[in-house]
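Asks: Below are the structure tokens for one structure; questions will follow.
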Amino acid sequence: MSSVAVLTQESFAEHRSGLVPQQIKVATLNSEEESDPPTYKDAFPPLPEKAACLESAQEPTGAWNNKIRPIKASVITQVFHVPLEERKYKDMNQFGEGEQAKICLEIMQRTGAHLELSLAKDQGLSIMVSGKLDAVMKARKDIVARLQTQASATVPIPKEHHRFVIGKNGEKLQDLELKTATKIQIPRPDDPSNQIKITGTKEGIEKARHEVLLISAEQDKRAVERLEVEKAFHPFIAGPYNRLVGEIMQETGTRINIPPPSVSRTEIVFTGEKEQLAQAVARIKKIYEEKKKKTTTIAVEVKKSQHKYVIGPKGNSLQEILERTGVSVEIPPSDSTSETVILRGEPEKLGQALTEVYAKANSFTVSSVSAPSWLHRFIIGKKGQNLARITQQMPKVHIEFTEGEDKITLEGPTEDVNVAQEQIESMVKDLINRMDYVEINIDHRFHRHLIGKSGANINRIKDQYKVSVRIPPDSEKSDLIRIEGDPQGVQQAKRELLELASRMENERTKDLIIEQRFHRTIIGQKGERIREIRDKFPEVIINFPDPAQKSDIVQLRGPKNEVEKCTKYMQKMVAELVENSYSISVPIFKQFHKNIIGKGGANIKKIREESNTKIDLPAENSNSETIVITGKRANCEAARSRILSIQKDLANIAEVEVCIPAKLHNSLIGTKGRLIRSIMEECGGVHIHFPVEGSGSDTVVIRGPSLDVEKAKKQLLHLAEEKQTKSFTVDIRAKPEYHRFLIGKGGGKIRKVRDSTGARIIFPAAEDKDQDLITIIGKEDAVREAQRELEALIQNLDNVVEDCMLVDSRHHRHFVIRRGQVLREIAEEYGGVMVSFPRSGTQSDRVTLKGAKDCVEAAKKRIREIIEDLEAQVTVECAIPQKFHRSVMGPKGSRIQQITRDYNVQIKFPDREEAPAHGMEPAIQENGDEAGEGREADPGSPRRCDIITISGRKEKCEAAREALEALVPVTIEVEVPFDLHRYIIGQKGSGIRKMMDEFEVNIHVPAPELQSDVIAITGLATNLDRAKAGLLERVKELQAEQEDRALRSFKLNVTVDPKYHPKIIGRKGAVITQIRLEHDVNIQFPDKDDGSQPQDQITITGYEKNTEAARDAILKIVGELEQMVSEDVPLDHRVHARIIGARGKAIRKIMDEFKVDIRFPQSGAPDPNCVTVTGLPENVEEAIDHILNLEEEYLADVVDSEALQGHMKPPAHGEVKAPSKGFVVRDAPWTASSSEKAPDMSSSEEFPSFGAQVAPKTLPWGPKR
């Protein structure tokens, strides 16, 4: 059921008439009031004055009389006292600690109030609570409950008073508990007890008890009485609009509850003070008795449908009859079938009441208009506009539309209903004549495609054909589509929708398998790439699977040909992605990674850019040596070769190819590469590269230091031979901490076992899950023997012994510093042996070792070696000027760390010495000595800040010193012509910075004012030759560029009429840009604003051959242009916009189709109809014919539109309003005579502050008289 109701000005006024008159104040200005402005005192009422007399104080003194309520502070502070005898926590060692403090913190956190505790002289507790009122009250309740001892008391009050103590929703009880800081327990309604239990402090209990008794006493004063009165007489007691009962309630202060007409109860309930209640009951009884004697009844029949008009809105009509005639009208309930209406009242008034009842019943009528349900929307109009026109004229008419029914129901005053019915019938007749509808069946699967994205398709059809298209929702699975509107538009929309549907039926769906890893790449960032594909193939719908489904199927749907084209395009894209995602791993020795990266990442960046690949290096703290290259296969191979060549150049790296049958490769690699990894580790970390599985190649590449490569080759061939004959494998287990001991220092122990037995022993790698497993591979007898030897060693390690040795206490610190790092290393290397040094402070040299016997012995031997090294330690000084220290250290101290590791020494650099301030005085001499050491410094001796200290064994220190001195940078000079310096430096120094990063040197170019040809290169001796060669190579490149630049600067002038220049340039420079790119030249047109330049000269700059080719291309265009003709055609200016189209789309299409140029006149041109067409003669003729045909077609529409405009109502012109006078008042202070004294603005009497007492103004000589 749907209905439309419009609120009109009249109905709004009628609605307002039900309000109390005092609530409505309508200010209407008649002509007199408009001409008579208000007085200044009316517009700006004065502030009240403090009058001595009571009368003046009681009188209202204008709008300012309302008392301003003072603003209360939101934060309050209250102090609570807990006497000593009531304190819960008396026995405390220190005040402010223990349980009491914890409770206070909890209360502060829970309530948000701030607590401060203090102890009085009598040992009572004072608590100051600050915060918002609610928080303070909650905190007070918690303090009483948790810091004060609790007592309890019971208060007996009548059971019926309990609900008044609880209050509405328990609010009164909560408020009482907060105020008194007590807990009040009220028995449940089913409990017969009348005892209320109060728990809290004595003071709180007394307060709560008093409050409860007070509530009970108040209720004792009140009484309730019920009076039985026949239901028929209730309206007389209530009076019209309940006024009579309202007066009684106001006069007696008694609450009177009369049951509403819908409730069948007859008793009237009185509540209030006993005396007033008795008065109210007496008055009601009197009214009841009187009406019972005087009234009589009559019954009349009124149609059931007219009952609601007799009742009126909210029963207003019944109240109106009661008020006018004093007669009560009883209407049967709506669910009853009875049509009898009973009138009750005094006999002489019944006739008048009956007349009014029939008048009310017949004042309204119900009528219906036949109208097809599909027209209802058009009758209502957009946003109810059509219906609003009717309801505004006849506001009392209610119009109801029932969904699915072909009728409209009208209800209201008879005359108004008849007028409205005529209007709606004429509207329906008009709509039936000019509107039509059609229903078509289209498979519901295609509905959402007909609608289009965000309703684009269906909205276009609606707007184009001016129709309404109703497509059922997906949930209904209905095929029926309804089109409504103009008959011609309906047929056109039907045709287009059926065409779209048939096209969709001919669509094809294709599943394309694309690996899910490529989906995100194809979609692109923020969907950019997929948007390009969709724009290229707009008729194809591309659906990617949800990433969570892990599916590779991409669905394409659309016309067969378009789907095929899109499939090929996407397959090509995927092929490129597959080609670009080829990946290879290159093992490179860890120490060379920094050289591959280069200074500031220069080397790796260059390789990435030139090979167009992605290169990922392992993290610095990672043990991995593998560099991963991703991209096209050929590019990856090229990048791999470059990286390997860098490694080969930096170290003595050999590369050997070994031929091993492909069928043995998997067995040689071993499970998860364990076997091949053991060979690589044993042979100094060489890299062994097997060919890709399935390639059929037998070549295995071994790369590394030459000696290690030979060793690895021998082992690999031996292993391959074993695998070809017969291979046997055994697994044994040993604790991981034993592995290093079993391997021995530098692999000595395990090598001995391998050499004696000929078997290969593989220990687990760090990433292996089973760390206990040791695998032995080889011939069976060799494996068995190796197994026996290893098991014997493991058995010895399982026998734990304890031993001790003596270590001089001065060496103890070396073992325990850095959190016992040396001891940890010994434990890891020698089977987890525990070494215990005596505690610091105890004068003992005894060191205890605990572990396997062999491990303990080996650990003792290692400790003795360390002590021997410590005792043999010397300190050597190495003098290197301080300015070279940073270079010697290397990035992040890497070079120094390498020397420290290689030579097992400690290196200490001196503190930096700041340069002495300019003009600083020399140190003062005392007793004839220098201020320093008392001796003169040797001018030839090195400064203290230049001396680097090296500690360790003598031979190691010497070697480390030589390594440090080799790191001191040296300088060479290179001759480079001065005019090339700026090109070597490059834009913002990028060129020279790139060279410095690549060769790890510093290049110093002299200042321009020196005009010097010498460039200085500073760096390590090993890098200088490469840097010099690189610089000279760059010089050669620059000289070649200079020669090329001279050849490129050839200029050629072409004479072309200026009128052809725009055509040669083309739209947005498209034509000239094409010539520039094709012939690699620069083309300059003359400046139109420069009168000194010849306007017909075009300058071409570039290689001589290229400039001539570009000239020929320009002259060819000019030749074509000279053959063209221009014709003016008169074209009605009213159709210009239609021919041009949105953003010039239509006219561009015409120009492209006929290969002509069409120019429309500018606004303000002398002839607005003149259009110029330029092109080849035959093309111009065809284009003119086409646009003249278009003019004829469009002009017919224009004429129709203008005729229609002539019949339409012209827009109303607003009346010219008189200029506003502004706000005008009479008798203002500024219009008063000059004799009147202006108010004193500094006076607090004349300008008092809000809410403050106004002090009378006093004078030095007493009050004013």
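Any Cβ shown, glycine's included, is placed from N, Cα and C.
Just so you know, TrEMBL annotations are computer predictions that nobody has curated.
For 776-803, the entry in TrEMBL reads coiled coil. What TrEMBL lists as compositional bias 'Basic and acidic residues' is 932-944. Feature annotation from TrEMBL assigns compositional bias 'Polar residues' to 1231-1246. Under the heading domain 'K Homology', TrEMBL lists 149-217, 221-289, 294-362, 363-429, 434-502, 506-575, 580-648, 652-721, 726-795, 799-868, 970-1036, 1123-1192 (among others). The region 'Disordered' feature in TrEMBL is assigned to 912-944, 1227-1265.
Thinking about packing and proximity, how do these listed features fit into the structure?
Replies: Beyond the ends of the coiled coil (776-803), by six or more residues, the same chain brings 675, 719, 722, 725-732, 734-735, 738, 741-742, 749, 753-754, 756-762, 831, 848-856, 860 to within a C-beta distance below 8 angstroms of the stretch.
For the domain 'K Homology' (294-362), the model gives a mean pLDDT of 83.
Across the range of the domain 'K Homology' (434-502), the DSSP-based residue counts are 41 helix, 16 strand, 12 coil.
As a summary of secondary structure, the domain 'K Homology' (726-795) carries 37 helix, 15 strand, 18 coil according to DSSP.
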Asks: Run the contact check on the domain 'K Homology' (970-1036) against the domain 'K Homology' (221-289): 3 or more C-beta pairs under 8 Å, excluding pairs closer than 6 in sequence.
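Replies: Counting Cβ pairs under 8 Å (6 or more apart in sequence), the domain 'K Homology' (970-1036) does not reach the domain 'K Homology' (221-289), since there are fewer than 3.
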Asks: Within the domain 'K Homology' (221-289), count helix residues (DSSP H, G, I), strand residues (E, B) and coil residues, in that order.
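Replies: For the domain 'K Homology' (221-289), the helix, strand and coil counts are 38 helix, 17 strand, 14 coil.
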